[in-house]
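Working notes, beginning with the structure itself.
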Amino acid sequence: MAASAGAGAVIAAPDSRRWLWSVLAAALGLLTAGVSALEVYTPKEIFVANGTQGKLTCKFKSTSTTGGLTSVSWSFQPEGADTTVSFFHYSQGQVYLGNYPPFKDRISWAGDLDKKDASINIENMQFIHNGTYICDVKNPPDIVVQPGHIRLYVVEKENLPVFPVWVVVGIVTAVVLGLTLLISMILAVLYRRKNSKRDYTGCSTSESLSPVKQAPRKSPSDTEGLVKSLPSGSHQGPVIYAQLDHSGGHHSDKINKSESVVYADIRKN
């Protein structure tokens with residue numbers, strides 16, 4: 001009986017260990033499912049004309065559906081300051097404004113949580129509104145979030161950029177990429193030309209510049225003249241004439257020279 005009980009204990013140990021691992025895995029799954037990331041998108045910087053309305057755009061992305069627990073908070077860090085001030089909060093369709101004097105009676109809600117939009121408007125912006133604006137969104141269970149930061153500049157109307165900042169950034173990026181591509185293509189062409197010159201094994205410079213003399217071509221009449229005229233004082237061996245007669249007549253020992261016959265001059269030195 002003792003032996004059987006001991007065997008039962010040995011068999012039960014792996015079962016209990018497997019059960020413990022299952023519980024830990026389930027708990028870890030609940031923790032990771034309960035807290036997920038939420039992404040916030042804002043422009044890096046915007047320019048607003050003095051005395052006009054400025055819109056602070058804030059979009060967010062969440063895997064969870066927005067509802068009564070979704071909230072939006074805006075805070076402000078004045079230019080040159082190290083601390084931030086919360087001046088706006090939105091939750092369950094209600095707007096809660098802070099007591100910060102520079103924003104009194106200037107803030108209005110311009111977003112739509114169903115469209116993942118948490119933007120606000122600021123009326124009659126002044127130079128005191130220069131600084132950094134922070135957009136923070138909570139949408140449980142998506143609560144782990146990196147807030148969006150906007151650097152806002154209030155300037156005179158004549159100092160407003162001709163193009164929006166994002167357009168300027170896009171143009172500069174396109175120009176840099178284009179120049180990089182052009183330089184890469186030029187370097188590739190130069191590299192290929194260099195390799196082609198290195199692999200070429202043709203004639204040398206002196207050989208390529210040496211003129212090539214070709215012997216003049218002789219016509220049948222020139223051959224006949226060569227037979228008639230021989231250099232004076234030179235030793236001449238026997239000359240043999242060969243005549244090809246295509247007329248079909250009888251053979252003759254007499255050589256009749258004509259324009260249609262080619263004569264061969266064979267000399268023996």
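Positions of Cβ are set from backbone N, Cα and C atoms, glycine also.
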Of Asn50, Asn256, the residue that Swiss-Prot annotates as N-linked glycosylation site is Asn50
Which residue does Swiss-Prot record as phosphoserine, given the choices Ser71, Ser119, Ser208, Ser229?
Ser208
Annotated as phosphoserine in Swiss-Prot, from the list Ser196, Ser206, is Ser206
Based on what Swiss-Prot records, which one of Cys58, Cys203 is disulphide-bonded to Cys135?
Cys58
If you measure between the CA atoms of Asn130 (N-linked glycosylation site) and Asn50 (N-linked glycosylation site) and round to the nearest Å, you get 10
Give me the long-range Cβ neighbours of Asn50 (N-linked glycosylation site): same chain, 6+ apart, Cβ under 8 Å, in sequence order.
Met125, Gln126, Phe127, Val154, Val155, Glu156, Lys157
